[in-house]
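Participant: I'd like to ask you about the structure that follows.
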């Protein structure tokens, strides 16, 4: 398969390079990723500035480019200019940290995959749980991504669907299996701490703690119970539950 590989942690991040090294043994890989760290970019794109594209050398068999823009920019530039007619699948990751629950709305990793689906290319986001002061399990995540890719080769995956794959932080032997599940609620209870600087300005810093109020059967629930989670996503944000009800407001 011809694969476009991107991320939001930057082209030198360990996660994307671990995945690129493994995938390039079995597939044709083109890496197009942000020049710098762009986590939590969501689906932002560059409008008022030029985008700089630089070719980058890698020690394994991939064609690689760094992009001065966002993760979504990377996919747009790749599919419009760099490899416009030759991509079977977009893979975004491996992200440093989970993209589950409400956090997917902020995620540059997930948004890059969604951008791929908007170009009618089947896409997948891959994320590995991050725990402070511990080594991320990128190699385990890469193996699961490759396995998922091999499974998808045999299926007629709809091109407007994004698969969101998340791997818990534990040994491979501790992983209980894979759960296909829905998106959960928030992972963290966040708040801003406040300080005042010498000029009287407020300095706000985002803080938070783990949200213990989680729902059974969701990605948040299964990750905490050491399952790999897989959730199909879609970029159509229409709330169909109240579409007809909303329409009635204008019929009276």
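Positions of Cβ are set from backbone N, Cα and C atoms, glycine also.
Grabbed the feature section from Swiss-Prot, which reads as follows:
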- 8, 9, 39, 95: divalent metal cation binding site (BINDING)
Participant: Among the binding-site residues 8, 9, point out the residue whose Cβ has the most other Cβ atoms within 10 Å, with all shown protein chains included in the count.
Facilitator: 8
Participant: Let me know how many other Cβ atoms fall within 10 Å of the Cβ of residue 95 (divalent metal cation binding site).
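Facilitator: Taking all protein chains shown, residue 95 (divalent metal cation binding site) has 30 Cβ neighbours within 10 Å.
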Participant: May I have the list of same-chain residues other than 8, 9, 39, 95 whose Cβ is within 8 Å of the Cβ centroid of the recorded divalent metal cation site, in sequence order?
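Facilitator: Residues close to the divalent metal cation site, other than 8, 9, 39, 95: 7, 10, 13, 15, 37, 38, 40, 71, 96, 97, 107, 108, 109.
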Participant: With every protein chain in view, what's the tally of Cβ atoms within 10 Å of the Cβ of residue 39 (divalent metal cation binding site), excluding that atom itself?
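Facilitator: By my count, 18.
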